[in-house]
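As given in Swiss-Prot:
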| type | residues | note |
| --- | --- | --- |
| BINDING | Cys72, Cys77, Cys83, Ser313 | [4Fe-4S] cluster 1 binding site |
| BINDING | Cys98, Cys102, Cys105 | [4Fe-4S] cluster 2 binding site |
| DOMAIN | 84-302 | domain 'Radical SAM core' |
Amino acid sequence: MPTLKGIPVVTSGMKVERDGVRAIKDGVKHNPRAEAAPRGRKPSWLRARVPSGEGYQAVRDIVRTHRLSTVCEESHCPNIGECWNAGTATIMLMGAVCTRACRFCAVDTGNPKGRLDHDEPAHAADSVRLMGLSYVVLTSVDRDDLEDGGAGHYAACVNAIREVNPETAVEVLTPDFNGVPEHVHRVVDARPEVFAQNVETVRRLTHPVRDPRAGYEQTLEVLRLAKARRPDMLTKTSLMLGLGERDEEIRETLEDLRAVGVDIVTFGQYLQPTRNHLPVERYVSPAEFADYRRMGLEMGFLEVVAGPMVRSSYRADKVLEKNNVGLESAS
């Protein structure tokens, strides 16, 4: 089996081509657990509307025109209709093919072999201008094929957006850059308002939930490095619930995050994107999400956004308002 920096790359599954890069569709190989996974109707609180409306169409047209990838589309986000109708979008940088294959994620996996759109910073800046955004979230696939993991490209995109849209606040939701301090610092030095790196799940479930190249401690270190570099910058992370985590593990994770100075946490329900991804172990109720939010606020986080349909970028602009306090729990 081929390897990328010593780690096997998924080679089985439906092969597709994305902008000249061969990839495995949805980023996963056959999952034997899927055959035994419980099936049933989702709870009523998890039913999202079919995306439609003039705002949704306008944002979609801009994304197509400027050849942008959005995490909204690539991750099958259930909030795409609500967010795009509000004229906001999370831009996914560096293409639509990820070098990693996390068991929860529907993004295609492959080896882009160093391909990078050097016009993307200008395209992203112009798209922010066209959409009239006051707040933009930049995220990306993992790019272990690049020497700096894409840190320089992130910085270039932030700088381009700043030049064209000086009033726009920027959040970056980055890869872990393999924990290399210089790469983390390069992004932080571009001075985004918010730096985010997702821990995704509790320590015990990190593997098999995340790709072997990712790690619980590595994410904590990236968040620590970012905060230490710029103490005035907000740091943020996100957890999916419903993968088999226990309450005491959630509390332990929150304690670990506070210890490295994280300011904002989001909680959302894990939803299985295809039958080959990890099955949902349970559906967490809105009342339980409210309890987790209270737990986090009592531990000193500036804000905790928690709800079944919450994703890491959901209502991100609202969290920055009013000194990051006063946001109602999302259900």
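If you go along the chain as it appears here, the first residue is 1 and each next one adds 1.
Placement of Cβ uses the backbone N, Cα and C atoms for every residue, glycine included.
Values in this document were obtained by computation on a predicted structure and should not be read as measured data.
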Other CB atoms, at most 10 A from the CB of Cys102 ([4Fe-4S] cluster 2 binding site): 23
Cβ neighbour count within 10 Å of Cys98 ([4Fe-4S] cluster 2 binding site): 26
Mapped DSSP class for Cys83 ([4Fe-4S] cluster 1 binding site), helix or strand or coil: helix
Reported mean pLDDT - the domain 'Radical SAM core' (84-302): 94
Collapsed DSSP category at Cys98 ([4Fe-4S] cluster 2 binding site): strand
CB contacts for Ser313 ([4Fe-4S] cluster 1 binding site) [other CB atoms within 10 A, all chains]: 28
Chain-internal residues, separated by at least six, CB under 8 A from Cys77 ([4Fe-4S] cluster 1 binding site): Val71, Cys83, Arg311
